[in-house]
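Structure first, commentary second.
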Amino acid sequence: MPPKEKPRADYTPKATSPDIGGRKATGSDKLTLVEQRQFIYVRIVRATGLPMNNMTGTCNPFVELKIGNYKGITRCFEQTSNPEWNEVYAFTRDQILGGRLEILVRDKESAINEITGHLSFDLGHIPTRFPPDSPLAPQWYKLEDRNGVKIVGELMLAVWIGNQADDAFPVAWHSDAAAVSGKSVTKTRSNVYLSPVLWYLRIQVIAAQDLAPADRSRKPEAYVKAVLGNLVLRTKVSKDTNLNPTWNEEVMFVAAEPFDDPLVLSVEDKMGADNDACLGRSVIPLHQVEKRLLPQPIGDQWITLQKHVAEGEEKTEVKFVGRLHLRIFLDGVYHVFDEPTYYCSDLRATSPKLWPEKIGVLELGILKAEGLLPTKSKGGRGTTDAYCVAKYGQKWVRTRTIVDSFAPKWNEQYYWDVYDPYTVVTIGVFHNYHLQEGDKNGGKRDPRLGKVRIRLSTLETGRIYTHSYPLIVLQPNGLKKMGELHLAVKFSCSNWIDLFHTYSQPLLPMMHYLKPLSVYQLESLRHQATYTLSLRLGRADPPLSREVVECMLDTGVNRWSLRRGKANCERVMACLSGIVFIWRQFDQTRHWKNSAVTILIYSLFAAMVMSPKLILPAFLLAFFVLGVWRFPKRPRHPPHMDTKLSHAETAQHDELDEEFDTFPTSKQGEALKTRYDRLRGIAGRLMIMIGDLATQLERIHALVSWRDPRATAMFLIFCLIACILVHKVQFRYLVLVAWTYAMRPPRLRVGIPSIPQCFLRRLPAKTDSML
């Protein structure tokens, strides 16, 4: 009996019907795309007049909250009877089994069963508060003992029932993260991040003047070194070996506002392989650099170079050692790429004066995930602490972390302004490895559980899309489905005229076309932008780790992949398949496979030739009919990762191992030899194809090159005769004759190449000159 095949995983999105607010008449304005969930919020503000511990004579208070099976603990204050916490706790209403909320004030040095004071609230008497209601004011409550007798000390707090739109939701400790305490609680909270404003810092180095040489016995080999933070760029060595060198070269950085690091320019003398002498330097604070907000030229300037000369053991003298002629400015008329061009979520220039009009709003509801696979072991069992990150434009959002759940429910909604529909919103799911207080997680990175991209131009305006997207991760050992992510997306248009107008406008700011940057420059600057963003977002609280930023920005999308190469070839063939299909149908028609169809096609073409004004309307009408015919079969859901198109399911282990290899490679020996030989084979076939194409093009050039004098003479005589014939005979009749010849019956055909093909193949090419 043959072994059963492993069932193939389903990698297609599926439509869902969640109970979201946007489909209800009573839905909240702020929660139109998520399921509204109720939370019991408890804000512990401060306490006063707490009694001292009878044993130690001190007061080290903290507050413990109990409701159902959940318990929350505030931080502990040392030796004070008037502590101030100002902490918020949120308990999910539908997960609570008990009927009362208990608040216990305890002392750190007391026994486990002893309490300083006690408060109790009946859940049925807790008030309800939903935005836009004002926040509930905290009140003082007299503490009680376990018997309900009032004792010394008061506690200021507020208790209310709210939903995800509450102002306290992002900063609260949630019962979904009950296993997390201490400083790690902040790493479970939801947050909104804004990318810093990125500028292109352009330094056009022109020349230097009056340099002081480091060694007067040799001619200086000067170049300019620019340092911004940890990034270093250099110009070429000047061809002028004198004290007034010229360069006329430009170096570019990506600078993030607010500007932390100054720009350091120095003129260096290349004295040896690793021996460069500084001839002078200048430190330029970036806030003093001129900003170009409109496409206008910026003037050049001279800056003074300085050099610190030692005088004795401690004293130094600042010496002026020449001038540097340059043009330096912060360029805001370009778009600073931090994502691949085809995954961009924002296409605007840095300068706000060049921004287009807002055309709409993107609403995203991150509902839940299902079927997540375990990513770590806890207590002898697998578990997952998942959170989501979404990026569109300069705004990043991070949901709260749901601890120890394979089916986390976030139900968080976010908004973005939209300026161009040809943009992509990216949503990634990650496991949080930073929840243990004081634990550096052994250097582990937050692993990716999957990613979803949605292009706004594929969405109908005003429609709510609710789908579950498979979370797919390609690993060195193969394709893996990590679960499913449920999303609700809506693109609302506020200005239809501007929306349609964007389709006639360039994608990028105008300067990208008037004075374009090279592909190498754009790729280098994109890596600089990614590095800058990862540093800035890594300093937030809670931080976005570097691996998360790099994953969301697709930093490794340009690395070599044999799998992607095959996929791209198939994409090209799929686009050309229509032309191939038309040619095959035409070939069958001209060979009279169906006589009736051949006669009909011949008659229609003859009619169009005799009435040329029908040709263009016929083509346009054909496109219109084709579009209307395909309208009922239009896609009903946004596109998602296609594993079959990407060759992700059929990729071999060695191909994936090569794709995930580092650069430079970390492999040695036989594996590296095998990959090199395979790459040589692919390159050899590509070389043959390019050579064949070059040969055919060179034969066309050889028609009038007189390399073959007889062939060129015959071609020129043919051109003269054809010129006279075309001048005397109307063009429509020539086309009709050519069409009749092409559609002649099979009995009048000969199975050999045509005269033009035979003639062209006999022409010489430069293949004979190749070594």
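Just so it is clear, glycine is given a Cβ too, placed from its N, Cα and C backbone atoms.
Under the heading region 'Disordered', TrEMBL lists 1-27.
According to TrEMBL, the feature compositional bias 'Basic and acidic residues' maps to 1-11.
Feature annotation from TrEMBL assigns domain 'C2' to 25-141 (among others).
Per TrEMBL, domain 'C2' is recorded for 180-303 (among others).
Mean model confidence for the domain 'C2' (343-469) is a pLDDT of 89. As annotated by TrEMBL, domain 'C2' applies to 343-469 (among others).
The transmembrane segment annotation in TrEMBL covers 614-631 (among others). Below 8 angstroms of C-beta separation, residues 607-608 of the same chain, each at least six residues beyond the ends of the transmembrane segment (614-631), sit close to that stretch.
Residues annotated as transmembrane segment in TrEMBL: 713-739 (among others).
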Cβ contacts under 8 Å made by the transmembrane segment (713-739) with residues that lie 6+ beyond its boundaries:
602, 605-606, 609-610, 612, 703-704, 759
So how many of the residues in the domain 'C2' (180-303) end up helix, strand or coil by DSSP?
10 helix, 62 strand, 52 coil
